[in-house]
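One structure is given here, and the rest of the page talks about it.
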Amino acid sequence: MASTKTVLGAIFIASFYLSASIAFPPGHHEGSYPVGNSPTTGLSPDYYKFTCPQADEIVVSILKKAIAKEPRIAASLLRLLFHDCFVQGCDASVLLDDAEEVVSEKNAIPNKNSIRGFEVIDEIKATLEKACPHTVSCADTIALAARASTVLSGGPYWELPLGRRDSKAANMKLANKNLPPPNATLHRLIKFFERQGLDKVDLVALSGSHTIGKARCVSFKQRLYNQHRDNRPDNTLEKGFYHILASACPRTGGDNSIHPLDFSSPSKFDNSYYKLILEGKGLLNSDEVLWTGKDPEIAGLVKSYAENEPLFFEHYVNSIIKMGNINPLVGYNGEIRKNCRRVNQEI
């Protein structure tokens, strides 16, 4: 009889731990996973397969119209993903407006008068809410919009892990700390990416996002007139390109004038960005230093991508998936915002 009780007790204990491990897999409640690895219990390309199978179709249909109206919006939405993930993980904190308990990241130095595309995200989210109420997060909306923007601009498609939830707070301090400035040196750029668990391949591949979009004169004016605080231009700038930029961006005034990051194909996602860098025609300092920064591995990648677009696309897909896995909120962490600009009201 005693042995029977012992056996039954052992079975009970074993079944209890098995049930607990199924209900609460390791790390399920922690809200973060190693960068570059899809979490086994959180993010999945099939996350909305049964709850909102039309989510991607909705995003693409709205973006087709938005990009046709203003091609630049594709780059703006792609940039939102980067500016979201690099702050406190891919949690849509970048979308929050100022509120009683929220200091918006939109007013951080790297973001103010710079990041855009919020109205398009609003339209996508409102349509998603009508089709699938309280289902698709704002964080996933950014990620879906970034992929669609890339594909609609001629870039690669990737299987996108989904299931991120939305933060209930923003972090302006981290936005100012974690987002690299356009005049960053190569050493600093490497450090910014390492802080997020991203390596040199990720740095060079993700910089290729600058194959579409535009930048304000204030972002590169230092290169034209005072690169080393000596009132002289950056000597790595190709001379003809320098004169084009100087005529568009005078020494005084014109800070908000915009210029294509990749002037040869500003609305097409391709590898011409890297070809221009090799010619001394990278727009931002953070672009050109990939080639001139005296890092053989990074310079080699720039040359390889310039010569081999499929290789660039392959590395880009791997790196953007990796970036999209930075500290997502999953499980019961965070929330699914109804309006991406504000946290849900507690009832």
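Backbone N, Cα and C define each Cβ position, glycine as well.
Given the structure is predicted, the values throughout are model-derived calculations rather than measurements.
Reviewing CYS217, CYS340, the cysteine that TrEMBL connects to CYS249 via a disulfide bond turns out to be CYS217. Between CYS52 and the candidates CYS90, CYS132, CYS138, TrEMBL annotates a single disulfide bond, the one to CYS132. If you take the Cα of HIS83 (active site, proton acceptor) and the Cα of CYS52 (disulfide bond), they are about 26 angstrom apart, rounded to a whole number. Straight-line distance linking the Cα atoms of CYS52 (disulfide bond) and HIS210 (heme b binding site), rounded to a whole number, equals 32 Å. For THR211 (Ca(2+) 2 binding site), the nearest of the recorded positions ARG79, GLY89, SER93, CYS138, PRO180 in terms of C-alpha separation is ARG79. As a whole-number mean, the pLDDT of the domain 'Plant heme peroxidase family profile' (42-344) in this prediction is 97. Per Cα geometry, ASP84 is the residue among the recorded positions ASP84, GLY89, SER93, CYS132, CYS138 nearest to CYS217 (disulfide bond).
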